[in-house]
Amino acid sequence: MRIFLTYCSSIGAASLTKRARSGSLPCVLKDDHTNDKALRCSRRYNAGRFASPYPSFIYIRHRGARMTQDQLKQAVAQAAVDFILPKLDDKSIVGVGTGSTANCFIDALAKHKGAFDGAVASSEATAARLKGHGIPVYELNTVSDLEFYVDGADESDEHLNLIKGGGAALTREKIVAAVAKTFICIADGSKLVPVLGAFPLPVEVVPMARSHVARQLVKLGGDPVYREGVLTDNGNIIIDVHNMSITNPVELEASINAIVGVVTNGLFAARPADLLLLGTAEGVKTLTR
């Protein structure tokens, strides 16, 4: 299911959720040359069709101002913070991903570090950034409940199946995502694709199994390339699989994981995202499963 609404950033996330469910959520359009125009959304969005527990919204920017990729990442990071913040309390622990978009989320979240207890990091780099902001970092084994996991993606399809692992943190990312009740993916609009596979699929491999795994990946139709000079936080290597058109991501994820020597691969299809916040030139769009 995909729903698009818009709202002015002056509407708080908690108010947004309440108003969306009550059928009174306005669309607010802004541009540089006219006064704000408030348009009431059709109630059919908030009746039977608004079945998702997640409000769908777009942060509207002024027309004519082209946003850079970094600005898009910052916008989706802020949207993620706005979404989770009303649902956090002083005992909440947030799962945090790895990469440039996740770093934007950490920076935005740090402004509200008094509103939650701490975080679980999906990589050593993420843990260091969280600690640098004064956010306590917990080992996953010590945490009994993880409400949210927020992370970026290298690709997403419309069903919120993902390719991740460009930053070589895919195994820990997949573990934290599996534990979290809600997986929020944040990305710029270029990451949404009709079919996964244009971005090479990362596979984490035990070093001694590199050649064996590569041969098996060729049998699956891929072109495996060893990512030289990269070791994961787990001490393993990465093989990037090129030239794959992934029409059945759930099946392929299982097939690759069944190869002896594979730790895991970067397909997040058995456990896809629940919510995708997508930064576009028009604003931040929300897609839900």
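Even glycines carry a Cβ here, placed using N, Cα and C.
Among the candidates LYS131, LYS181, LYS191, the one that TrEMBL lists alongside THR98, GLY99, SER100, THR101, ASP151, GLY152, ALA153, ASP154, LYS164, GLY165, GLY166, GLY167 as binding substrate is LYS191. Here the binding residues for substrate are THR98, GLY99, SER100, THR101, ASP151, GLY152, ALA153, ASP154, LYS164, GLY165, GLY166, GLY167, LYS191. Their largest Cα to Cα distance works out to 16 Å. The substrate site is set by THR98, GLY99, SER100, THR101, ASP151, GLY152, ALA153, ASP154, LYS164, GLY165, GLY166, GLY167, LYS191; from the centre of their CB atoms, other residues of the chain with a CB within 8 Å are GLY97, ALA102, ALA187.
Every protein chain shown contributes to the tally, and the Cβ of ALA153 (substrate binding site) ends up with 28 other Cβ atoms within 10 Å.
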